[in-house]
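Features reported for this protein in TrEMBL:
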type     : residues : note
ACT_SITE : 280      : active site
ACT_SITE : 339      : active site
ACT_SITE : 362      : active site
DOMAIN   : 272-365  : domain 'Transglutaminase-like'
SIGNAL   : 1-20     : signal peptide
């Protein structure tokens, strides 16, 4: 009998009072978390959260969890080679072992065999899709749950940290892009569609296809800069091919696009093959989708009479030959009647505080920046103050809206002299969509002082000169009409034509699938008989709605003769 207590003690060393934990399930609470993180609009079954904000998950074990005895770590991984030092392998400890990490975790409560855990991603963590594992640690080793795609989740930027209008610049998935002339402004509706199925994955694929290191994806400045380069295919097989000719035979005319989803989804479906074709408003529209989808407040801005300073001297130099025509061989600079770019709202920790806020970013390939065709982000406030030494590309943006245009006359010997200057032509008007309205806001004063005060900034920078606009011929070629429709409503759109396009009626074909998702395109090929000036064309189609709420129908004609004929209709689906 005297040996009994030691025997009991001996057995207690090898047979603990409680058996090791085993994980039965992990519930990511996707619906509740998405509502709390303002990500419910994403058509994606996985959990989507925002940085620096807690989300909850419930781990169910095979017995009650003991906070004093059990040791559990939750692991989050991204990329092919997770590394704790690079922020691609994150561990959060719950139970008896406590460690500080990049992300915070806490046990919110227990009920039966379930444990509710709160996880807060770091404020600067990488943006992308993470994998989740739960590992039970015992004296005998570690037991990790197998890979389960249902526990994967996305982390996005958190625009609910800075103070900006999130409903318009993050959550609004339909917008308006302005074009035309400064004294005759027209508009084009654009379906950003950042929440549509597959768009989030397509945006992340853009980063993957561009080989953007994961380390860069937690830095908003770097990600925006990379995104600016990756929207164009000029040097990196980016999303869109620019085309400013009149030949779009091997692709889609820029005027025929009505939104971003079809472009991004086509790019993803084709394995990163650039999509044909785009001009400035298409680049800006797709970049806007990319930014809003990843959680960065963004808007499209149009600058009327926008200069392109090729030489970097803050001037727009136009050289005329001896006959008074533009010397194409000697004139490198140009002026567009309008040019669209993007603004992002963000803090700039690399600049003085007053230069945070709206930043210009432009993905239309114009000039290289650090070896790639991209532009920005550059502070709007810095542009206004003429502070052009701050990154990125401030001199180029300043010249787009402030450059003096110098008009030269050359003789047959190649000598030139200034014959005219215009200090007010470039950057006549800058506009963007007004919050909660389809009207535009004049934001010229955020970029530049009234011309008298601006001149002082120009003198400070050593600028002089400006000239008159250069007219360029527009050649229209007749072709068939392709009417493009976006939305899920009944279409009865009557388009009035002021001139007679030379198209002949032969057939009507249409997509047989009537039930489509928001943003999916239906194309009808209409070969129409000659329509007299002032005549009308009516086309009726039926599309079945798949979700309730406010919708916008956009229609345009993809025919060289009538490409500018567009219209839209707002519909509320119950």
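Backbone N, Cα and C define each Cβ position, glycine as well.
Unlike curated entries, TrEMBL annotations are predicted automatically.
Positions of the features from TrEMBL, shown on the structure.
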| residue | record | Cβ within 10 Å |
| --- | --- | --- |
| 280 | active site | 25 |
| 339 | active site | 24 |
| 362 | active site | 32 |
Check your understanding: Do you know offhand how many angstrom separate residue 280 (active site) and residue 362 (active site) by C-alpha?
Key -> 9
Check your understanding: Could you give the mean pLDDT over the domain 'Transglutaminase-like' (272-365), rounded to a whole number?
Key -> 92
Point to revise | Rounded Cα-Cα span from residue 362 (active site) to residue 339 (active site), Å | key: 10
